Structures are given as structure tokens and as C-alpha cells.
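Participant: Here it is, the structure, as C-alpha cells.
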């Protein structure tokens, strides 16, 4: 089955951080572009002095392996972060207190640290920030995304303009003292566990598609009917909607509260497909974006306060397209909040919302 993607990825605003082929998979590529603060994402290793502190801390965690203690983890983790008061990391502490999984968790934490240190080798050119009103796309390898997420896990990214972008550092999740935070962390650790077990070699594309005004349909002049719409009352988007374009009714900021308190439709989807979280790094608020190729790693039961992580084995034989992307397509739409339900059917609002799907 072939999905009908919206662009051919041959335009100047389509940025590739990797090159894919069927034999070697995706490999990082360089460019002659230099980092510009107003155009690119500030990566952790751009600040040389701070990166040295990060390297020292993460190398220690990476090398100690199963001998890692919570005290040592916390000491190293906080050594490069600036907090006026020591944060409560009880969610992380619980990983060291579970007799049946503590050994496994310590090894995963060390492996994530090692993966985070790979970032300068994996990202060999600046990453564009695709802001509102800009057309464009970013294609990264799944290894590049994993290394970026490993840095987000260890909260190595510096402060950004949070009025424009969602937060990416996992410190937000680690300081949540709730059962929901523990279940979220299980999803993230399972993603990394599956990644280390059989590293995927494909790519993921994140697309900002702006519809030109002259191409927007004149709905009141269209004489032919739209296609039929079938509403299925049962099933899940990620199961029954497999290999279809799936819609994420998104928060104002892509990803919503996936690293905070939120745990409904958007957050759940980002937790079972953690590669989606990388969109928080590169896209601003009020976006309608398309993410192609993000794999699913976890299953779950429940919703909101009843959400629980469930084991799922990653499908290593998933069909991929010519760019190395698995056959998944998620359309994330900034959902508007209406005080009065009938407002959504007003002409101007209806036209704006309908155009987001085009």
C-alpha cells in the first residue's frame, strides 16, 4: 500500500540531515550551512564549555553500567543543570527501587547516556526551525532522532523561546510525582530498549505545509459532492487506522503535555510513538503539520488517569518507502477551543479549519 504524501521532497525548503539507501540505511550528511540563532535549533554541543560538563557527566553514567546508584545519577544529572533548589526526581528514583527491573533500568540509563554523547557525530549540520507561515520539511534518520531524544532525556538542551516552541527536556516529566508520570516513563524506556535491541535504520520526515491562498478552494462555488465519510464507533486510530492518514487533534503546541500533565489522545500517541516527540524541538505553536515514518513501540490500556503502559514488540519487518520511512502518516492539527459549540460552524471558522486538512 502506498500513502499519498503531499510533496515530492525536492524543493529548496526540504532539508535532509541524512541520506538513505536500502543496503546501508540512513547515514548523516553534512552541509555548508552555518548555525544562525534566528534560523536554527541550538544544539547542546554548540556551547563548548557546557558540553564538556555534559560529556563528563554522561560518560561517567555510560561507563558505570549496572553499578549506577540513584545518588550518583542525580549528582551527575544535576551537575550541568542550573537549579536554585534541588528538584524532586522521585520518578527516576523509583527505577532504582524496583527489584525485578532495577538491573535492566540501570543498563538502559547508561545506554541512553552513551547514545546522547553520539550527537555531534550524528548531526553534522544545523537543524532548521520551521516556523509559522513557512513551508518546509526536515528528514532525519531514526538514529539521529534517538540521539536527540537521548539528549532530551538527559535535559541537555538550553532554554529557548517557550512562547514559540514546546519544551523538549524530560526534566519536566522527571519532576512529576504522579502514577501517570511513571507510566509515561515506562513508554520512553521501552522505546530506548527496543531501539538498542534492534536499531532501526530508516528515516522520519516532519512537514510544514502552508496552503497558498490562490490554491484554497472556493467552497461555495464547488458543484460536485465531497467524498463519503464513514464513521467507525469502535477501535483505535493506531490499530484500525494503520497505513491510513491519522489525525492528531493537537494542542496549541505540538506534543501538548506529553512531558507534563497531559495524557489524552495526543499525548498517548506521542508516548507509544516517541519519535513524534522530536517535532516539539523544531515546530512552533499553532501548526498543522504532517509526520511521516514514526514507528510504534508500545501498547497501552486506559485513558487519562487510567492510562497504563503495555509491552509491544517492535515490528522490525515494517514496509518502508523509497526514503526509508515506515508506512505511517500523522496529521497534527491545532484544535481550536470553542466556548459555544455552534461557533465552530460559523463560515469563517469552518473555512479555516477545513483548510488545515489540505
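Heads up, the Cβ atoms here are built off N, Cα and C, so glycines get one too.
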Participant: In TrEMBL, the residues 251, 303 are said to bind substrate. Which of 265, 319 is said to bind at that same site?
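Facilitator: Given 251, 303 bind substrate in TrEMBL, the matching entry from 265, 319 is 265.
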Participant: Over all pairs in 251, 265, 303, the listed substrate binding residues, work out the largest Cα-Cα distance in Å.
Facilitator: 17
Participant: Hey, what's the Cβ neighbour count for residue 265 (substrate binding site) at 10 Å?
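Facilitator: Residue 265 (substrate binding site): 17 neighbouring Cβ atoms within 10 Å.
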Participant: Using DSSP, what's the helix, strand and coil tally for the domain 'PARG helical' (98-208)?
Facilitator: 54 helix, 15 strand, 42 coil
Participant: Could you give the number of helix, strand and coil residues in the domain 'PARG catalytic Macro' (217-348) as assigned by DSSP?
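Facilitator: Helix, strand, coil within the domain 'PARG catalytic Macro' (217-348): 34 helix, 27 strand, 71 coil.
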Participant: Pull out the recorded positions from the set 248, 251, 303 whose C-alpha sits within 10 Å of the C-alpha of residue 266 (active site).
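Facilitator: Within 10 Å of residue 266 (active site): 248, 251.
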